[in-house]
Structure formats: structure tokens, C-alpha cells
Ligand code: NAI
């Protein structure tokens, strides 16, 4: 009797903590390495597959000595390494590509990163078409539409499973507000919507539990929109945010995995195919979404519900109005690149 209860419990735990294969493309980079480290800490990840055009075996060997569940494999481009890295992935995270230098906008990265992301998306379409794909490579406003178009060309696009990672904007917003109001940043909730570059980043400070003066709202909004520039400037030509981005990327991937336990609704901000501004020709938009579970196998099931924006102040309305044309251009640019 005792044995059978124990056996039943063991069975139910095993089913709810279904193993997850996570693949990081660009894993040897400034973001890729700390991101892979944070993912290695997640006990629900049973296989961490790291791919890069350089140094992936070294990163994998290093991570593989950490005594957590995940088996780590490292893959370079030789011997069909990308195909092997991707096969059977539940989640693919892409931080591959060049970062900004001072005085560059994210759009300046397009000429290099668009083709990197397009080629990786083609490999995903062929070798892990069912994976949830998390795009970190900038310009996110355009690279997400690029991936969508490539997946469509291969007949495997599912809007529930493609995400632009905008978590860092929300993490920065929480931190900047908590510095101003002397609160615990990890509990300071700020909604940020729109896209992931300059004026397309729209914080909805009127919806926070704090009250702000008009000057505070303007200063905070500017800092949240251009917070990435602070890091680019401080790094003085050696790159952009890597550690805070790794934290943000792991937070999002872990949320997707934890949604698969099916225990409670998991809500995260992300840039997805969205109906919110479809009337204005905007196919992708960042907002809070609920992440779900595929109950039959307790695996992640992507976007379950896209939240609306709620009530906006006149200032926030004006920010959205400024974001829309740039977002439209960025999305168009990505789509045209694939066409
Ligand atoms: P990094 O240069 O340190 O690392 C990029 C890695 O990608 C390198 O290891 C490189 O070998 C690899 N790579 C290049 N081409 C590849 C390919 N075809 N396949 C696989 N790997 C490839 O750059 P970092 O700092 O890690 O930034 C990566 C990207 O993330 C940049 O585009 C940057 O703008 C973006 N980023 C996005 C943020 C966001 O909030 N979504 C925040 C910060 C950066």
C-alpha cells in the first residue's frame, strides 16, 4: 500500500515536470553565456543545447560541470551541428548577432542581423518546427517579422509560439521606478507595451500603483525608452546589455517552462503577432500575454491570451501615436527582407 502511494506520487511529479530541451543559438556571446548559465539552473530543463559559430564546445564543457539536471551539449556549424542542436527542441532562444556600439540605433544592426536570424529561422523550420522561438537579436521589431515570414514560407508558422523578448524593458522600468520611489524593484510592476526600440517602447506609468509628477513621468519614460543607451555608452564600444539581458531572457524562458506545470496563469510581456493594432496595419505588438500549457503532455503551449492595453492617459496615447509609424516601418522592413 505504502509503496503504491509513493509510486503514484512519483509518477504524478514526473508527468507534471515533463522534461524540456532548450537550445540557445549564439550561446558563446555576451548574452548567450550568462543566459545559458541561468537556464542550466532550471531543474525542468533536462537538455541544454548550446550552438554558436565559435566556441560552443568550450561553453558546453564548462556548463556541463554544474551539478543541476540538464545534460549540456555543444555544437558548432561543422558536421550538421545546427541540425543536431535544434532537433527535438521545445524552446529555441536566439541571441545570435552583433550588438550596438555608441551612436548606433538598433535598426543599424539590421543589415548584419537580418540574414543571421533568417538563416537560423530556416534551420528551425526544418529541424525543430514545433519549438517555441524566443528572439533576442536586434532589431527585435524587425527580426520577429523576419522569423514569422520564414516559418510561413515553410508552412510551420504558429503565432502562439513566436516571441520577441521585450522583458528587459519591463525589468528596467521596474528598477528605475523602484529607485525613484524607494521600493523593492522585484515587486514593482510596470506595464510596457509597443515594441523594443526607442520611441516604440511605451511604458504605461499611469497604471502603476505609484503616483508621479508630470516631470517624473517624462523623465522616467525617456529613461525606459533609452535605458539601453546607458549601457552601450558605459561599455564604450564593447557592446550592449548582456547580463541584464541574460537575466531578462532567462526570466521569459523560465516563465514559458513554468506555465507548462499548468498550476497557475503565467503572464509576461512579449512582442507577438497581435490583434491590438491590426486595424492600423500593425501585425506585431508587445503587451502582456498569458502563457499556457499543453495539458496532454505538460509542455509549454505559448500564447493563450493577449491582454489589451487598459486605460491610457493622454500622454500615453501620444506615445502610442508616436510608436505606431516607426513600428509599422520596422515590421515592413523585416517582411520585405524575406520577400
Ligand atoms: P555578442 O557579439 O557578444 O554575441 C553574439 C554571438 O552570436 C557571438 O558569440 C557570435 O559568434 C554568435 N553568432 C553570430 N552569428 C551567428 C550565427 N549565424 N549562428 C549562431 N551564432 C552566431 O552579442 P550580444 O551582446 O550577446 O548581443 C546579441 C544580440 O542581442 C545583439 O543583436 C543585441 O543587439 C541583442 N540584444 C537584445 C536585447 C533585447 O532586449 N532583446 C538587449 C540587448 C542585446
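Backbone N, Cα and C atoms are what each Cβ position is placed from, and that goes for glycine too.
Those TrEMBL annotations? Automatic predictions, nothing curated.
Classification of residue 196 (active site, proton acceptor) by DSSP places it in coil, neither helical nor stranded. Taking a C-beta cut-off of under 8 Å and a sequence gap of six or more, residue 196 (active site, proton acceptor) has these contacts in its own chain: 106, 138, 139, 140, 141, 164, 165, 166, 169, 271, 286. Residues or ranges marked as active site, proton acceptor by TrEMBL: 196.
Long-range Cβ neighbours of residue 137 (NAD(+) binding site) (same chain, at least 6 residues apart, Cβ-Cβ under 8 Å): 26, 94, 95, 96, 97, 109, 113, 116, 117, 143. In the three-state DSSP scheme, residue 137 (NAD(+) binding site) is classed as coil. Per TrEMBL, NAD(+) binding site is recorded for 26, 27, 28, 29, 30, 31, 32, 52, 113, 136, 137, 138, 245.
DSSP assigns residue 172 (substrate binding site) to a helix. If you look up TrEMBL, you'll see 100, 106, 138, 172 marked as substrate binding site.
Feature annotation from TrEMBL assigns domain 'Lactate/malate dehydrogenase N-terminal' to 20-164.
Marked as domain 'Lactate/malate dehydrogenase C-terminal' by TrEMBL: 166-338.
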Request  = Sorry to bug you, but what's the C-alpha spacing from residue 172 (substrate binding site) to residue 245 (NAD(+) binding site), rounded to the closest Å?
outcome  = 10
Inquiry  = Can you work out the mean pLDDT of the predicted model over the domain 'Lactate/malate dehydrogenase N-terminal' (20-164)?
reply    = 97
Key: Check: same-chain CB within 8 A of substrate site center, minus 100, 106, 138, 172   = 99, 139, 140, 196, 197, 228, 232, 240, 241
Request  = Using the structure shown, find which entry in 30, 32 (the binding-site residues) has the sparsest Cβ neighbourhood within 10 Å.
outcome  = 30
Ask   = In the domain 'Lactate/malate dehydrogenase N-terminal' (20-164), how many residues does DSSP put in helix, strand and coil?
value = 63 helix, 29 strand, 53 coil
Ask   = Which of the binding-site residues 28, 137, 138, 172, 245 have a Cβ less than 6 Å from any atom of ligand 1?
value = 28, 137, 138, 245
Ask   = Across all chains shown, how many C-beta atoms besides its own are within 10 angstroms of the C-beta of residue 28 (NAD(+) binding site)?
value = 22
